[in-house]
Structures are given as structure tokens and as C-alpha cells.
Amino acid sequence: MQTLHVELGERSYPIYIGSGLLSRPELLSRHVAGRQVAVVTNETVAPLYLQTLLKSLEGFNVATVVLPDGEAFKNWETLQLIFDGLLTARHDRRTTVVALGGGVIGDMAGFAAACYQRGVDFIQVPTTLLSQVDSSVGGKTGINHPLGKNMVGAFYQPKAVLIDTASLDTLPARELSAGLAEVIKYGLICDEPFLGWLEANMAALRSLDQDALTYAIERSCAAKAQVVGADERESGVRATLNLGHTFGHAIETEQGYGVWLHGEAVAAGTVMALEMSHRLGWISVAERDRGVRLLQAAGLPIVPPRDMTPAQFLEHMAVDKKVLDGQLRLVLLKRLGEAVVTADYPREILDATLRSDYVALAQSFNS
């Protein structure tokens, strides 16, 4: 087992990474202050891992809340089901909420913990690659709004993150690829040597090789922990973690939450960010194509939805959380391994990026 730490003073917490960790009761119990635990999971994960987790929580007063699965349910109505479960079980301020599932479960359970009786402890137990390398670390919690993704939420740090890599054995290939979008992101924004490792090991990652997956998770979490420790509330460098997300969130919102997986939308958005960085003269054609090819090798879409117009992108991007004083800030690449957050770009470059022929770009890789 590998243990990393997110350093936030008195709110610092560990990230445990290894196989079989769901069956190690001491990893959970050391972070549960009271006797009450509320496990929040979904209909897909519950049959696979809920009983294993409950066995590790023997001796505690445990309530379970099983939610419908999918991004389409990341909303107020589903959030209320968590509060209903906590109140029905008479859970008090010393309860600990445990999020067992992917990013949707982690975001909603964390937000519920932040709100319930003005804040109770919670633990992240992510079961998808995307949640293991990204959403479970850093304290971002929340729900979607019909007008924008993740627009309602709070920064609220967990007491611990427990990553059982064995849970990836049951992850569908599409979900695995979606998680790889966030793994690739770390190489693009802050760790160029990692890109070379990913290129050499992509086949192993996609075939669920445990050693390769564990290494990728550890390296991704280490990068995320370092950034969060330096900028917890996204006032500076943490915003670079959103490479591809401004374009990607527009895709998710316009297409309907859950039609594109988050990682799929981020992948297409990352291609657009690479294209814009190239148009600004910051990265070469070869560097752009290297990033796009790696996303393609991960089994991810590299073409935005063909039915989305530039106007539709701009409409959704206008309510992005990185908009400040009416200016749309974007995460772009100065080079592979170095990202910036900037609103200092010619509008015509953004317009050209939105009009680019990504189908032709994709076809050029297959010719």
C-alpha cells in the first residue's frame, strides 16, 4: 500500500492506494470519530462492493443510501435522498459519510456532508479511475444545474481517500477510458515525462494491468495533492487542473448530462485546448498531435459533437466558473507540461478554434 498526503495544515488527510483496501477495517475506522456511519453508493456499485465495505464497518451504526446511477441524477432531487437517509436514521453531528462510488457519488455525498447539520465528516472511497485520480482528491463537492455543470457546491475536504485498485477490475472499458482522460491531463499540464510513460504503457493500462494502473494512480494523485496543497480554493494554479474542462463542460451541458461521460467530454475539450494553444503559437503541430494521439490511444473521442455550433459552445462557456468580471479565462498550454490560465487571447483565435475541422484532424491520424 502507498500512502500520499494532501497537506492542508490541520485539515490534511491521507490518500491510501493499493489492492484489497476495502477489506482493511483499520483504514476506515481510524477516520471515524463517532459511532454512526452513512454509506452513500449507487445501484451499480452496491451489488459489487457494498457488503465488503459494510463488513469493514462492523461495530458501527451504519445506514446506507443507494442512489440511481449516472450524471443525470447529480441534482437537487437526488441530493435530498441523502438527507432523507441521514434524518430517517437519526444521524447526528458526529456521523461520518462514506462515499462509495464514482465521481457523481463522491461529489454529492461530499456536498451532503458539507451541508448536513452544517458539516459532518466524510471519507472518499472512489471506485472508478476518474474518481480515483481526480474528483475524490481536493474537496470539490457539488451538483449540476440545468444551466451549468457543477455550479452548485462547496469546497469541503474529506478525512481520508481510500483507493482500492481492485475495484477497477469491474469497471467497463468506456469508464476506464474516461478516467484516462484525467490521467493524461496531468502529463499535459505539469509532467511532460509522464506523457512518455503513458505512451509506452497505454496498452497495459487499457488491459487493466494492476502494476501500470497503480503507478498511474499514484503519479496522478501526487500531482493533484501537490496542486491542491498549494491552492486549495482554486484562486491560482489549481485552475490549471481544468484543462479541457471549459469546452468539455459545454459539451456535457448541451448534449445532456450523462450522454457524454465526463472524461469523454474532457478529452474532446482537451483536443480543442491543444488546437487553440497551437493557433496561439505556443505549441507546435507535433506537440498538438502528440496530445491528440495519446487521447485517441486511450479510446477517447477526439472530435467534439458535430451538431454543436460555436454559438452553443460560447453560450455555455459564458457561465463557466473561471469567468471573472465577464472575461472567459481558459486553461491552455505554453508547452507540453506547462499550463496557464488566461483571458489574454484574441477573440478571433477562440472563434477559429470553435470552427476548426476536428473530423479532418482525426482522419489525418488514420490515413
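Note that Cβ sites are derived from N, Cα and C of the backbone, with glycine treated the same way.
In the record from Swiss-Prot, residues E182, H262 bind Zn(2+); the candidate from H245, H278 listed for the same site is H245. E182 (Zn(2+) binding site) is 22 Å away from F73 (NAD(+) binding site) when you measure Cα to Cα. Taking Cα separation as the measure, D107 (NAD(+) binding site) is nearest to H262 of the binding-site residues E182, H245, H262. Checked against E71 (NAD(+) binding site) by C-alpha proximity, the binding-site residues E182, H245, H262 yield H262 as the nearest. Under the three-state DSSP scheme, G103 (NAD(+) binding site) falls in the helix class. Per Cα geometry, K149 is the residue among the binding-site residues D69, G103, I105, T128, K149 nearest to H245 (Zn(2+) binding site). For D69 (NAD(+) binding site) paired with E182 (Zn(2+) binding site), the C-alpha to C-alpha distance reads 21 Å.
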